[in-house]
Amino acid sequence: MALYSAAAAVLAGLERGEGGLKSLVYNSGFPHVRQLYALVSETLRYGSVLEKLLDGAALLQAEKKVPPQLAKVLVYDLLFGKGLKCGGRWKALARRHRARLEAELARMKVRHKVSRNEDLLAPEKAVSTAALQVPRYVRVNTLKTCVDDVIDFFKRQGYTYLGKAASVEELKALSGKKFVLDLHLPELLVFPSQTDLHDNLLYTSGHIILQDKASCLPAFLLGPVAGSHVIDACAAPGNKTSHLAAILKNKGQIFAFDVDPKRVATMNTLLTRAGVTGCQLAQQDFLTVDPTDPRYSRVTHILLDPSCSGSGMVTRGLGEEAAPSAERLQALAGFQRRVLSHALSFPALQRLVYSTCSLHQEENEDVVQAVLQEWGLAFRLVTAFPSWPCRGLAAFSGAESCLRASPAETLTHGFFVAVLERCKEGAAAPSSLPAAAKENPQPGEGTETRAAPKKRKKKKQRVK
């Protein structure tokens, strides 16, 4: 059963945008990574087929306590794999529904006029073009090393460093053992997409973090100064948490929450390897955290990356690209609105980043718009990182302040980021920064820059 639990956890992590398939498998703590990788990969490959089978057999309606990710893994091995390798209640559950599942599979084959299970898969989806073109991003963990030292290490290993990239086209052109410094993020190195660094000494020692560029944006745009108190509301597996700690230089306090005990254990391992200190992990649903608790009286920054459809994850595999049902989107958006509104209720909060790895407006712009309307003039959207090419969809006035990322335009996973700041007493309605107002290594501090005197702005320009 440990295999199925680990596979379900990896699937859930993919849906939440917490990393790529290989990263989540290698960070799972499961001893047989090849077995786990194969099971998750095949479950993803049959993803759309499994969803239809579960719906047709009404398994999730009958077994409401079974997570959908676990149900997919069990049904895959039952019908398409080598048979269930577990006993106990999960095997009993699968047996109870086996006849209905097999009947639904037979009906599906008849509808599609095929005789083999493999023929239910669309052959053109065998390889995701989007997944192939997204490079391998490597975030330098500045808690343990620096960019120059990491560059020198890779050069000694036979890699060729081409300097800082000037355009996305340069990232597309990477091949072989060549790498560059990212054009947007100062501590991000970029390698060709098929580069595998999971066995590299820098990775296993925590000196580098394998993290998609879009996933680096939330902590980067939150930009807390050293000494700040920060909440990472939905933190596991911990890549964004370790990024926050690096930005804080391990000075200050991070409160990281996740409801799953196994994911919290995985996060603890990752953070320890990354050299993170000053971080309190809690196995707790963030919605149950009391904003008036004195422990959080100094929390000024919150990073909120809640559960979402994961529709922007280009490495999720076959079938998973199918659009979620309207009912599921509505349920996810309802949860996201609740958790965002809850986060805004922390009394000392000054700045919040809301992010998802979803492409759907319902989970992104619509959520932000609804919560801003609920809070009136207490918070406003801020346009951070104005040079970023992809902006929010025009769902409401101010949506252009939000960021979007995509494989086609930014060579990343699909992502959405919104930066909210508390309005000062008597401040005007929500507004955004002019495009030229902010370009520095801490793009999150847009409001301060706009309010700064001219002399200070000139000084920053000279520093650049």
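Start at 1 and count along the chain as shown; that gives each residue its number.
Any Cβ shown, glycine's included, is placed from N, Cα and C.
Remember, TrEMBL labels are computer predictions, not curated facts.
Noted in TrEMBL for the protein shown:
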| type | residues | note |
| --- | --- | --- |
| COILED | 91-118 | coiled coil |
| DOMAIN | 126-423 | domain 'SAM-dependent MTase RsmB/NOP-type' |
| BINDING | Cys234, Ala235, Ala236, Pro237, Gly238, Asn239, Lys240, Asp258, Asp285, Asp305 | S-adenosyl-L-methionine binding site |
| ACT_SITE | Cys357 | active site, nucleophile |
| COMPBIAS | 428-437 | compositional bias 'Low complexity' |
| REGION | 428-464 | region 'Disordered' |
| COMPBIAS | 452-464 | compositional bias 'Basic residues' |
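When pLDDT values are averaged over the domain 'SAM-dependent MTase RsmB/NOP-type' (126-423), the model yields 92.
For the pair Cys234 (S-adenosyl-L-methionine binding site) and Cys357 (active site, nucleophile), the C-alpha distance works out to 13 angstrom. Neighbour count (other Cβ atoms within 10 Å of the Cβ, all protein chains): 31 for Gly238 (S-adenosyl-L-methionine binding site). Distance from the CA of Cys357 (active site, nucleophile) to the CA of Ala236 (S-adenosyl-L-methionine binding site) is 15 Å. When the alpha carbons of Gly238 (S-adenosyl-L-methionine binding site) and the residue listed as 'active site, nucleophile' are compared, the span between them is 16 angstrom. Asp285 (S-adenosyl-L-methionine binding site) sits 20 Å from Cys357 (active site, nucleophile), taking the CA atoms of both as reference points. Residue environment of Ala236 (S-adenosyl-L-methionine binding site) contains 28 other Cβ atoms, counted within 10 Å of its Cβ in all protein chains. Comparing Cβ neighbour counts within 10 Å across the recorded positions Cys234, Cys357, the minimum falls on Cys234. Spacing of Lys240 (S-adenosyl-L-methionine binding site) relative to Cys357 (active site, nucleophile) is 13 Å (Cα to Cα, whole number). With every protein chain in view, the residue among the binding-site residues Lys240, Asp285 whose Cβ has the most Cβ partners within 10 Å turns out to be Lys240. Residue pairs drawn from Cys234, Ala235, Ala236, Pro237, Gly238, Asn239, Lys240, Asp258, Asp285, Asp305, the listed S-adenosyl-L-methionine binders, are separated by up to 19 Å at the Cα level.
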